[in-house]
Amino acid sequence: MNTHAKPTPDSTLRRFWLKWRFHINVLLLLVPLGFMPKYFADAALFRGDTGLGEREIGDVQVGPWSLRLAELRNEAPTLDGPAGHMKNFTAALCDRCRDQVKATYLRIGKPRSLRAAGVIFFGTPHRMGAMLPIPEKTKADAELWITMEGWDGAMHQAALPLNQASPATVAWLNQQGGKP
Amino acid sequence: MSKKSRSKLWFLVHSWLALPIWFFVLIVCVTGTLAVISQEIVWLANPQMRASQPSDDAPLLSYDQIIAAIKRAEPDTLVESISRPDESHFALDVSVSYPDGRSVTVYVDPYSGVIQGTAPAFDFKAFTRALHGWWLVPFTNGYSWGWYLVSFLSLPLLASLVTGLVVYKKFWKGFFRPTLRIRHGARIFWGDFHRLSGIWSIWFIAVISITSTWFLIQAFMFDNQVSISTAPVALVVPRESVPVTSDGSPAPTISLETAIAQAKERIPGLEDSFVSLPANAYSYLSVGGRSWYPLMYQTADINPYTGDVAATRLLSDRTGLELVTESMRPLHTGDFGGIWIKLIWFFFGLILSMMVLSGLLIWTKRTALATANALKRSNKHARLQTTTEVSQ
C-alpha cells in the first residue's frame, strides 16, 4: 500500500481536470436546450397551431355526416403503463353536423352495438380527441371504425383500413411479428 | 474519531453536496423562483391579462353572462372552461376552441365580458414550470427522467440543511446576533451571508426539500403503479339520463348558475373559482374552488341535463395521508394565499439561489485548501502507519 508516493503527472490534462471538474455540470444545460425545439413543437401541436395533428387522415364520410380525422402524432402507439399501448386521434366535425352529433366513437373492428362503440371523443366539435387502445395482437389488416350517434338517436358508421388511418401503427404491428 | 475531525468530516460532506452540480442546482433554484411569480410576470408584460373594476359598485358578471358575451362577440367560438384567478386584478382565463381547430386560452374582462386577447403562443408560465419541474424532458411512458433528475436534488438539499446546521455550531445564536461583515474581504462576507441567510431560511429549505422529496416519491409510486388515491374514477353520465331529442338538436342543459347553486346547496362553503363544461354529451359539468383550507380544491360533478350532483370530491373525502400529500404542491409553489405568500416564496427562492452561489464562492476560496490539507494529513497518517508496520 503506497498512497503517498503516487507520481502526480502534472500534465495539462490533469490541470485542466482540476480546474474545471466542478464546472462540467454546466453541460447539463444542454439537456433542456436539446429538448427545447420539441417542447415548442409540442406546445404548438396541443394548441392546434399546426393543425389537428401531425398527420391529417382527411375527411371521412359517416352516413349523412362527416369529420376531419388526424393522428395527433405520426408515430407508433405509445405504452401507457399497465393500460397498454395507446394511439391518440383528433377530429373536427363538419360545420353542418356540429349540432346534430351527440357523440363520436372509435374502435378497432366493427362494433356489435352502440354500447360497444369503443372509446368516445372528448372536446368540442372544433377539436376533439380520443385515446384508442391498440392491442399488440391487432392484425395489420384491421379496420378503424367510426361510430357517430345523433341527438335524435340515429347511428351511422364508417370504417377505414388501419394502414390508411395510421401507417405508423401498421408498421409497428408488423414489427411486433404477430405476438400471441 | 475525535470530535474535531468528525465536525471536519461533516463540514466536508456539507461542502461537497452541491459543489459538483452547483450550476444545475442554481438553475433549478432560479427557474423555481421565477415560476413562483410567473403569472404575475406575464400580467406585467401583457395588458390583455389585466382587469380592473370600472367603478366601485360594478358587479362581476356570472359565468352564464360571460359565455353569452363570448357568443355574441364570436358566435363560432366554443367555451370549454372558465377559471377565475385568485387575484381580482386578473382577467378570467377562458379555454376556448375555434372553428380552425385551435384550442387556446383567452383573457376575458370579468366585468364586461369583453375578450381582451388570446394567450400568446409562448407561455412563459408553462415554460418556466416545465424547465424547473422536468428540465423540459418530455413525458413518454410515465414520468419523464427530467422529473427524476430535478426532484432527486431534494436529497442533497435536505442533507445540506442538516449538515449545515451540524457544522454551524450554536446556530441559534445567529438569530440574536446577526453578523454580516462587509469590510473584511469577500471570503468573510460570503461566509457570513451564507450562514445568516441559511438560518433564516431553515423553514423554507425544509419545506422545499420535503415537498420535492414527495415529488420524487410520487413519480416513483406512479411509475410502479402504487396508488394511495381514494378519488373516484371519472364517471360518465348514464345513457338513460341523456335525453334523445325528436328534432335532432342538442338536448337543453341547465344554466351554469343553476349548476353552481345546486352544488353550493349540497356542499356548504364551496367556492366557484372554476367551471368546466361537459367535454362531451356523456360527461359531467364540474364546479370547484378552494374553501376554508387554502391548500386544496373541492369539486362537484353535476349532471348537465338534470342538475343532480353526481359526485363530489371534498376535503372530508380525503384520507389523512391524502391531506398531507395533496398539500405538498401548493406548499412547494407558494400558491395558496395570494400575492403576499408568493412574494415571500419568491424572496426566499432568491436567497436560496444566492446560497448556492455563496457556497460556491466560499468553496473556491477555502474548501479547496481544506481538502488539500485533509488529504495531506491522511497521507502523512498512512505513511506513519506504513513505517510502524515495517518496523514491527
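Glycine too: its Cβ is placed from the backbone N, Cα and C atoms.
What TrEMBL says about this protein:
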- B:61-117: domain 'PepSY' (DOMAIN)
- B:254-310: domain 'PepSY' (DOMAIN)
- B:12-37: transmembrane segment (TRANSMEM)
- B:145-168: transmembrane segment (TRANSMEM)
- B:197-217: transmembrane segment (TRANSMEM)
- B:339-363: transmembrane segment (TRANSMEM)
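Note on the domain 'PepSY' (B:61-117): mean pLDDT across this stretch is 96.
Comparing B:12-37, B:145-168, B:197-217 for CB pairs under 8 angstroms to the transmembrane segment (B:339-363), the maximum falls on B:12-37. Residue counts for the domain 'PepSY' (B:61-117) under DSSP, helix first, then strand, then coil, are 11 helix, 22 strand, 24 coil.
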